[in-house]
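Trainee: I am attaching a structure below and will ask some questions about it afterwards.
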């Protein structure tokens, strides 16, 4: 595993895995109410991670500081983020557009990291962030202005922007608190807190709705647990421990391009010329941010 996951391969693997989260939601959400879906996912993921922690580290953190910090991170980076994404897709948000909105996260993370954590942003990095944002606006703006069948659902747009804010704050909190928390047990506690929140929301807003346990839903659930809640999240925390929050978050710019291709083949979501051009502009921006960041960052031992 150490040979597979390193500072060069981890960003690529993360982008590939993270992009499937949006198509995974789209694949399974017709068969389950969103908050119930997340609650079930968190229950299985927390148990699985706890078992992995006990096998690998022979211990599992139970102290209140660890639980408290982990719960705070979990309620934002998983609770608000996943809740917003799942609810938005359930309301009719396309997987590609959901990924695009969420990929605005690097801009917010970079700004807040500069303000609160003292992470220096060079002119080159700001140029990269600006290009990334410009590319995303090229793709999103026409969708927001369209009407009829092409119009985006208002509730869906709002919920996905809530997801964006949740992912941003969660990334910053993980960067702040993550160094003092053992990653496996800490992430498991994050999932416990998120699962409790989602269970409360499900009981409040989804009474009488149930899961249709068919092959499509089970495949989606298993994939989201293993590939996303275990694989992608642990790689994300690995990267945050070794790079600046701004540089790690800039990888989110690449996710929409991969998600768009996946959504095209799986669900027939169209990829127009403007989308293609905007994606290329975005990739150019992320290249500036990531290459600049790697050259100056100090790797933890």
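From the backbone N, Cα and C atoms, a Cβ is placed for every residue, glycine too.
Keep in mind that TrEMBL annotations are predicted by a computer and have not been checked by a curator.
The domain 'EamA' annotation in TrEMBL covers 12-140, 155-290. The annotation transmembrane segment is assigned in TrEMBL to 12-29, 35-56, 68-89, 95-117, 126-144, 150-167, 188-205, 217-239, 251-267, 273-290.
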Trainee: Can you say which of 95-117, 126-144, 188-205, 251-267, 273-290 has the most Cβ pairs under 8 Å with the transmembrane segment (12-29)?
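Mentor: By Cβ pairs under 8 Å, 251-267 leads among 95-117, 126-144, 188-205, 251-267, 273-290.
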Trainee: Quick test of the contact rule: Cβ under 8 Å, at least six residues beyond the ends. What residues does that give for the transmembrane segment (35-56)?
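Mentor: Non-local partners: 28-29, 78, 82-83, 86-87, 182, 184-185, 187-189, 191-192, 194-195, 198-199, 201-202, 205-206, 209-211, 221, 224-225, 229-230.
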Trainee: Sort out for me which stretch, of 68-89, 126-144, 217-239, has the most Cβ pairs below 8 angstroms to the transmembrane segment (273-290).
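Mentor: Answer is 126-144, with the largest number of Cβ pairs below 8 Å.
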Trainee: As a test: from 95-117, 126-144, 217-239, pick the stretch that has the greatest number of Cβ pairs under 8 Å with the transmembrane segment (251-267).
Mentor: 95-117
Trainee: For the transmembrane segment (150-167), which recorded stretch in the set 68-89, 95-117, 188-205, 217-239 gives the largest number of Cβ pairs separated by under 8 Å?
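Mentor: Answer, by Cβ pair count: 68-89.
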Trainee: So, by DSSP, how many helix, strand and coil residues make up the domain 'EamA' (155-290)?
Mentor: 116 helix, 0 strand, 20 coil
Trainee: Are the transmembrane segment (188-205) and the transmembrane segment (68-89) near each other by the rule of at least 3 C-beta pairs under 8 angstroms (pairs 6 or more apart)?
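Mentor: Yes; at least 3 Cβ pairs under 8 Å.
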Trainee: Give the residue counts of the domain 'EamA' (12-140) per reduced DSSP state, in the order helix, strand, coil.
Mentor: 110 helix, 0 strand, 19 coil
